[in-house]
């Protein structure tokens, strides 16, 4: 660069002479060419081709490999110190003073406290009133009584585990059998309860039947009003289970805990009579008393009457309606105490009459045979 500046200065100074300037221009061009060639050729010449040892590059792996021996030594020393401390505690009948342990092991007190904190956290040692005194509490049994108690507790635990497994297995079998019984098509026609069943089970308790609702409400001796509604606002069918359509009062209840008015509960056997009875209440779910009030939607009067008529028609025309069977409402048990309907045909017996040994076709069809 310095030669190029000199050449440019020479060029401005020799601008007046024509021949000299042309000669100088040739020299400048030759000088620039030589400078360029030297600049290009100077790079490989100035390089040092002697082989030098490569500079080591520090990497995280190298640093970790260099620090691992130190860490291993520290961890190994900590483990070794812990083993020595545990042996020292066991040698002193399970208790030792940390100050004495520090002097015996010839380590810093901080190292001893680190070990004791970890051992206390996992429940192997226990510190007494004084923090410097520790007592060994785990890792073995000090006497035969502890071993005996352990064996007894272990055997009892195993016995209880066996009982639990047996109960779980029986419960699984019971649930499976119940599921099979409920899924059997022949048993679905008997999946119901009658009014007599509810009265026998609950006795004098007041029972309201609500479809698809399983909840028990305890009504105490206070003024309560029971109101039941659906989230979608549709009508709901609620019946009060009573004896022969009339509510009963507990004779032992002197305060008149349940004093209900007359309530006609439609049933498959009495729906025809209740529909013709003019004294029946307008809403079959209304119960109004002094202590308890129960209300239903007044607009369901027509719907209830329609349901009663449909049920009555199903009972009367059961032989003409396809897909309907009275067994959905009452089982075929002739030994019921108060059967709703008397079954006339077919009879209970397989055969009302039988032929004797000396009778034949004539006696069967009551025909005069010659």
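Placed from the backbone N, Cα and C atoms, the Cβ positions cover glycine too.
The DNA-binding region annotation in Swiss-Prot covers 72-137. Per Swiss-Prot, the feature compositional bias 'Low complexity' maps to 15-26, 59-73. Residues or ranges marked as compositional bias 'Polar residues' in Swiss-Prot: 31-49. Per Swiss-Prot, the feature region 'Disordered' maps to 1-73. Residues or ranges marked as region 'Dimerization' by Swiss-Prot on the basis of sequence analysis: 137-226.
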Could you give the number of helix, strand and coil residues in the DNA-binding region (72-137) as assigned by DSSP?
41 helix, 10 strand, 15 coil
Check the DNA-binding region (72-137) for me and report the mean pLDDT.
82
